[in-house]
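Okay, so here's the structure we're looking at.
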Amino acid sequence: MSKVRVYEYAKEHQVSSKKVIEALKDLGIEVANHMSTINENALRQLDNAIDGTNKKAEAPKKETTSNENGNSKGPNKPNMTNSNEKSNKPNKPAGQANKPATANKSHGAKPATNKPANTSNQTQSSGNKQPAGGQKRNNNNNSNRPGGGNPNRPGGNNRPNRGGNFNNKGRNTKKKGKLNHSTVPPTPPKPKELPEKIVFSESLTVAELAKKLYREPSELIKKLFMLGVVATINQSLDKDAIELICDDYGVQVEEEIKVDVTDLDVYFENELNEAVDESKLVERPPVVTIMGHVDHGKTTLLDSLRNTKVTLGEAGGITQHIGAYQLEIHDKKITFLDTPGHAAFTAMRARGAQITDITILVVAADDGVMPQTIEAINHAKAAGMPIIVAVNKIDKPQANPDRVMQELTEYELVPEAWGGDTIFAPISAKFGEGLENLLDMILLVSEVEELKANPDRRAIGSVIEAELDKGRGPVATLLVQDGTLNIGDPIVVGNTFGRVRAMVNDLGRRVKKVGPSTPVEITGLNDVPQAGDRFVVFEDEKTARNIGETRASRALVAQRSATNRVSLDNLFEHMKAGEMKEVNVIIKADVQGSVEALAASLRKIDVEGVNVKIIHTAVGAINESDITLAAASNAIIIGFNVRPTTQAREAAENESVDIRLHRVIYKAIDEIEAAMKGMLDPEFQEKIIGQAQVRQTINVSKVGTIAGCYVTDGKITRDSGVRIIRDGIVVFEGEIATLKRFKDDAKEVAKGYECGITVQNFNDIKEDDVIEAYVMEEIERK
């Protein structure tokens, strides 16, 4: 049994709190006030004490009730003699026997304190009759009228009814009801028992918590106030406050962790954590990423494997965006991802490493380990993937595979021939040497890894590439990591959504469904997703739409808050950024991966005093809206493998917007870097242009000291800075106030001529002082 407060006990037993406190003190139990609690033992003693008091109080009430019932029977028989009244009331005078109603009032109604309604009616009825004998007149202005109080209403019946009251119909009915209602209060409902445990998620309002605890919100607000927490009925309570209240009531608390269905990562985590039926798992093709330094032969290797000329389609022989291809060798499939190799595409390569199973590290035998080779090793190790080293270009005369092996041992890649666990495969991608051995090694590693997937579930996977096609709209290249993707599936891709309208495989053929570890190009999305986003197929289009719209709105809010939010941690950074100049840049490219790579490269440019600010990135041609944004923000537009429309070109000419078009990323980076150097605060170099010797000084009121000078070297100009040198020491540095030759102002005075000079804010010029004139010349930064 839980503890009860004094006021709660008093309310339940319909007694005053003061009476309960006195009863407790009589029992030897000290309490402070009505808010004090009563334990279980004290409650038993108090119940016995209160019950005993109530029984004693009920005894006289029963006697009174019996007397009252006996008196009420008298007036029901008006023709009877007064013998009954005398027997019931032997002390009553005989002169009052003809007034049974008055007799009832004076004797029967007096002890009946629990029936105020009858007393009221009897008082009013007797007040309508004239007083008899020595009784005082009732204090009623209309009591001398036998009819009733109101002259406009007919008088009531003066004959007593069976209950002993006068039959005054329609009078004081409402008052009687009110008196009965106010005198007999309703019994308060007994509070429900407290639950053993409540479950909540995140937070609860005071009203919600009160509902769970079967208590009034006001009671919880009082408890919170006593605990030092000021809260209103609709205020949310944190976990600590909820636990504090429930602990006071002795109720257990359990926090329910809600799963955010809009978080796509949850579906991938559930796949890892849930127990999967082994009978549904089938072997899936390995996903292989080819990594390495630029121009080490990655695309040529993949080209040789596919027997196509992919390299010829790339600008400058450099892979500009990710390609995904699937090969079939020995009745088994292998999925290849071709990631660009140079440093500008580090982010793309890191993204590719997170969705693959095996990494092929291509190293040129004639070049050795390069910076991008080291980055590729770090990405593969961070992803926990096995690495197969393909030593390429062994056909060249200067090739030295042993040197490559030796250099890679520094990065914990020890060949199997040297007692390590890393597979090394010497190849020549150009002539096709050693490719079959490399493929066998890939299949061997995939068998050891036991790569399996469940094709019977809804598909999940990642975005390899995305672009905006002029005829088809948003197009995304997806890699299905688990499940089967079908045409018509409702899908959420990153912050976009849609229904799979068409699917095209790497050979350009339309397909109706694709299984795990298969790359496919889809259409039907409402917007272009980001490369590296995850996708999940849902059961219906309504769910996919709701989740996609929620994710898009959250991303927009996060983007806005990220640009405006300032905390104490980054306050100093914002202050420093306020002192820096910015180059506003808009990037448009043919594919999303190129946009990200170019943006990442521009942000890494470190030029003192200038900061790059990328205000907009998108996929597709340069349009008029881009020109409008660039004109409003004074930005430069960089187009990578895209061209401006005719309307955009005309608008750019009218608005004087600078558009730079490139096909190779290095040229775009170098051009922006050069522009940034041009925007730096210019460097100045001091150049001495002349000297003059003070031959005479003249003091003029309201003008100051005029120095009569002779130019000994160079020239003195009106806008030059000057130094006053006395005995080889600079005593003042400032600007010329006036320069005159005779009485005329002069712009400059050459060597061998005399002039008059006044210096701003300096009059302490002495004879034989030297005035040195100089200018600050701007020099180009290197």
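Quick reminder: no glycine exception, Cβ is built from N, Cα and C everywhere.
Here is what Swiss-Prot says about this protein:
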BINDING   292-299, 338-342, 392-395  GTP binding site
COMPBIAS  53-65  compositional bias 'Basic and acidic residues'
COMPBIAS  66-81  compositional bias 'Polar residues'
COMPBIAS  82-93  compositional bias 'Low complexity'
COMPBIAS  115-129  compositional bias 'Polar residues'
COMPBIAS  133-170  compositional bias 'Low complexity'
REGION    47-196  region 'Disordered'
REGION    292-299  region 'G1'
REGION    338-341  region 'G3'
REGION    392-395  region 'G4'
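Features recorded in Swiss-Prot, as mapped to the structure shown.
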{"residue": "Gly292", "record": "GTP binding site", "DSSP (3 states)": "strand"}
{"residue": "Lys298", "record": "GTP binding site", "DSSP (3 states)": "helix"}
{"residue": "Ile394", "record": "GTP binding site", "DSSP (3 states)": "coil"}
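Across the region 'G1' (292-299), mean pLDDT in this model comes to 77. Of all Cβ atoms in the protein chains displayed, 17 besides its own lie within 10 Å of the Cβ of Asp295 (GTP binding site). Around the Cβ of Gly292 (GTP binding site), the number of neighbouring Cβ atoms within 10 Å comes to 28.
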